[in-house]
């Protein structure tokens, strides 16, 4: 879907409203912010894919420990380089919006936490997850012993089929019991 | 970034559980009020305003000594009297729907054969209200079978933008994880302690516990004395002194609840518990103190009301509505006055402490440059103690609700006021607690304490329903010898098959297995969370 105009047409706007959880104002704001990320010469086409480095300069993502994972998960580029088109960008905002359902959110949370993209959360994924949560510098990481204990406890609680990994349904089952998750899995421009 | 904004960030992380619990209690009270409103309040209001006649089964002498007291005073009444009335629950409030005495007795014929039996509806609604509370508390639980998973998977807040907040959040998360792991380590260490170490440690603990028990017993004795004196001196005419005396039990209970925990904290330093065990012991002692002081209060009231169980004592013979002296009709009203006053006093304490202690403390720390003052610092916002105060307030309401049906409504308003008051003080005057309480598991722990409070308050209710003779002059049960009698009387009017069914439900063959099943279910829930 290409558009050579730098303004969103009414048809496109209503189409985006139907396909995502975003409201009209949110889509227009997203459009504005996306245009700012485009280099000057490409401001008139919306086909352009913004490279990951540029996306990560946004204040909402700049310090987020999961920023690279977010870009990789929502990117639809064949090169798997984390670059986002405008529609990828809208997808991202839609999942993190106020009106997205808890199922969608937990699905994407699983994908973001799945650092090696193999469809399950294995031990390495969980280690990387905990490091992101506590800060990845040597003085902020948990000690090796603490990490092993923590991962062991997580796997014990959530791994129902005992295969050493957490799959999507086990993850969603856990998340559904957590009251804080939906309200904290939000990014608003 | 101002320090206020930094503190706000850290608060949201810790105090969210307090405000969530408070919101839960507000909802509980609001729902209860709707239940009571539908089945007790609205029918009675309609009956009274439509002036429908009530037919009662037994005759009650109309010229008894228990005549109604005219609440509208003659002559000039100043605003001060209204304020006093509201504070002490007497006067115009006494003859309102707020108190049990105002409700009619007997049946009202509505349409042909259908009649609305007021006493039955009152009693049954009250029992349903208790049942409803139990079910609501148990069912609205987030059972934490997956404690570590929830901790890790929903730990991150994606709304955080600034680097400072993010680093703060990471620090908090690390601290939470480390606390969990420290627990495990402490358990392992406890298993490896030597015999002599253990013996010495347990010796210390026994001695210190005796100290704590002595303090608590002292507090109970003071409460007992205060209640006795308060009842005895109620005939004081000076308004302000009289008010003070009326509030004496509340004052003593609050003072005890303030001083004894301080002593316990001091004693705790020598007891060498792990961090989370410490918190549990502190809470256990605080819970015990609060519930037991309410129990002592009720016991001393009962001793006064029933003259220590002696029905022939001179004070307990007549039924005269002359408040201050005689005790049968008044008995019940007195007991509900006390609950009403406890509730009001609780609200006053919280607001006044905020105004008179926390704000000035902050002012002092901000503007005074003495080192000692800076070291003292802002007030800490201790989540567990604050939640305990809420549970105490709710238990008071549960004790008083049978004789004061509108108490849940008042409680809703009170909790809403506390909500805004605490929010204000949190951001302006407090700093985060140094030892964070694990908010995930603690939620269930607090619900358990709330349930215990509910069961504790069922005991006086059960006793008064089954044993105490209701007053002859007022209230829906005036013609009966026991409040419970209204149920068998109305069951006897139902068709035979229904009667047999109900008798079966009440028989041992059914009730005992049901009770065992409920206990089993409760234990299972507790088991899941604690282990």
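Cβ atoms here come from the backbone N, Cα and C positions, even for glycine.
Listed in TrEMBL for this protein:
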DOMAIN    B:339-440  domain 'TMC'
TRANSMEM  B:21-42  transmembrane segment
TRANSMEM  B:79-100  transmembrane segment
TRANSMEM  B:120-138  transmembrane segment
TRANSMEM  B:202-227  transmembrane segment
TRANSMEM  B:247-270  transmembrane segment
TRANSMEM  B:282-305  transmembrane segment
TRANSMEM  B:398-421  transmembrane segment
TRANSMEM  B:444-463  transmembrane segment
TRANSMEM  B:501-526  transmembrane segment
Long-range environment of the transmembrane segment (B:247-270) - Cβ separation under 8 angstroms, sequence gap at least 6: 88, 204, 208, 211-212, 215-216, 219, 222-223, 226-227, 229-230, 278, 281-282, 285-286, 289-290, 293-294, 297, 338, 341-342, 345-346, 349, 385, 392
Counting each residue once, how many in the domain 'TMC' (B:339-440) are helix, strand and coil under DSSP? 78 helix, 6 strand, 18 coil
For the transmembrane segment (B:202-227), give me same-chain residues lying six or more residues beyond its boundaries with a C-beta closer than 8 angstroms to one of its C-beta atoms, as numbers and ranges. 248-249, 251-253, 256, 259-260, 263-264, 267, 270-272, 285, 288-289, 292-293, 296-297, 299-301, 304
I'd like to know the mean pLDDT over the domain 'TMC' (B:339-440). 77
When you scan the chain for residues with a C-beta under 8 Å from the transmembrane segment (B:21-42), skipping those not six or more beyond its ends, what do you find? 97, 103, 121-122, 124-125, 128-129, 132-133, 136-137, 140, 387, 390, 394, 397, 401, 405-406, 408-409, 411-412, 415-416, 418-419, 422, 443, 446
